[in-house]
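**Student:** Below you'll find the structure I mean.
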Amino acid sequence: MSCSSVCSSVCRESRWSCRGPSHYTRVTRHSIAAWPELDRVARDRVCDLSHTGKIKKTSAGRNKVKTASTLERGRRKVKPNHAEMGIRKKANKNPPVLSHEFVIQNHADIVSCVAMVFLLGLMFEVTSKFAVLFITVQYNVTISTNEGPEETAVNHFHHGIKDLATVFFYMLVAIIMHAIIQEYVLDKINRKKHFSKTKHSKFNESGQLSAFYFFSFGWGASILLSENFLSNPVTLWEGYPHTLMPFQMKFYFICQLSYWLHALPELYFQKTKKEDIPRQLVYISLYLVHIAGAYILNLNRLCLVLLVLHYFIELLFHVSRLVYFSNENRQMGFTIWAVLFVLARLLTLSLSVLTVGFGLANTETQGFDLSAGNFNILFVRITVLAAICLTQAFMMWKFINFQLRRWREHAQAQTLKKKQAPSKNKPKKDRVNGVNGVNHGTESPKARKEKSS
């Protein structure tokens, strides 16, 4: 914009007359002097005169006027300070490639590309044998059964070292699913609710675990019903070692291990607070140790029953916490969870002692045979029972501390309400000179006359 056009616009908007380019110096000075009389549009276009006779647009959007020192600096041909002029440099929103922030922001896309490499490997004959190790369930065993006039082939699976490759691939899938739930479900709810930082992290944790527990509980319950483990509990220890598993059961354990392994890198991707990392590492490690131990020791049937029972209790807790975040008056879910939690611990101990302590101890297949997958010896049984009992005791200890903290907070809230209630119900007394019910020489002459008489 030229000097004359700026001068003309200022004069026109301030209702002054302009007589051409030779008049812009006096008009600009007059406009600054008559600043209160200008309307908002004119103020946004006020210009300062530099030594070259050109007019520069100022940051009048914030209603600032160039001082004498600024004009003097302009005459000395000094570059103006951008901070003083109110000009902000554009922040680079894209972090450097392969930096920590870049990996955290784009970890789902990076992991998707890695998983796509394995899927593309199936398309070529050279790499298909290698890609199959990661995608499909390994160690297939076909057993033919004589049911009716025709023989039917049934596929079963056992565990082995190649399962590590399958667990790794589905760990990548779990990371991708975690990012999808976080971005398209939880983040949208967080923007609407405007949670605090503490509630934000707890809401994300409960949202992710609720989805996983719901999926795992439904899938595990369907396997229990199809295999008749609930209707016939003797099958939990009969026929040990249970080296052969149906496809659904083996894939269930692969997915369980994959999910809890994916939770370790998610501590980095989700920027988990340092004070929350030890707590999460403890329960992630407990899940991995118990599920992997039962999978290797061929106690998969007992583990499946206990997981379904445990996941139902945990699902109830996290759903109750999500409901509590939406409305803090709804705490009935925690009461139901507290009762069922204690019952689940007792039922877990009972089933474990019944299966390991009595069932396996009385079976005919006693001894240690690594090739056959038989670990039915006294030392292994005592170790398994000790691990289960210690875990249940640890969970009960955490549960008791949680309940005591809740009761303490509830008692403090009740005492505060009781203290506030009497102060509200007290009758208002006459306050004169800042003292309740005391009059220091402020009685009216008529009242003093009545007292004297």
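Cβ from N, Cα, C; glycine included.
Positions annotated as compositional bias 'Basic residues' by TrEMBL: 416-429. Positions annotated as compositional bias 'Basic and acidic residues' by TrEMBL: 443-453. The region 'Disordered' annotation in TrEMBL covers 414-453. Feature annotation from TrEMBL assigns transmembrane segment to 110-135, 167-186, 207-231, 281-298, 304-324, 336-358, 378-400.
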**Student:** If you count Cβ pairs under 8 Å, which stretch among 110-135, 281-298, 336-358 touches the transmembrane segment (167-186) the most?
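**Tutor:** Comparing 110-135, 281-298, 336-358: 110-135 has the most Cβ pairs near the transmembrane segment (167-186).
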**Student:** Okay, the transmembrane segment (304-324) and the transmembrane segment (378-400): do they have at least three CB pairs under 8 Å, pairs separated by 6 or more?
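**Tutor:** No, the stretches stay apart by this measure.
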**Student:** Counting only residues 6+ away from its ends, which parts of the chain sit with a Cβ under 8 Å from the transmembrane segment (281-298)?
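**Tutor:** For the transmembrane segment (281-298), the list is 159, 240-243, 253, 256-257, 260-261, 263-264, 267, 307, 373-375, 380, 384, 387-388, 391.
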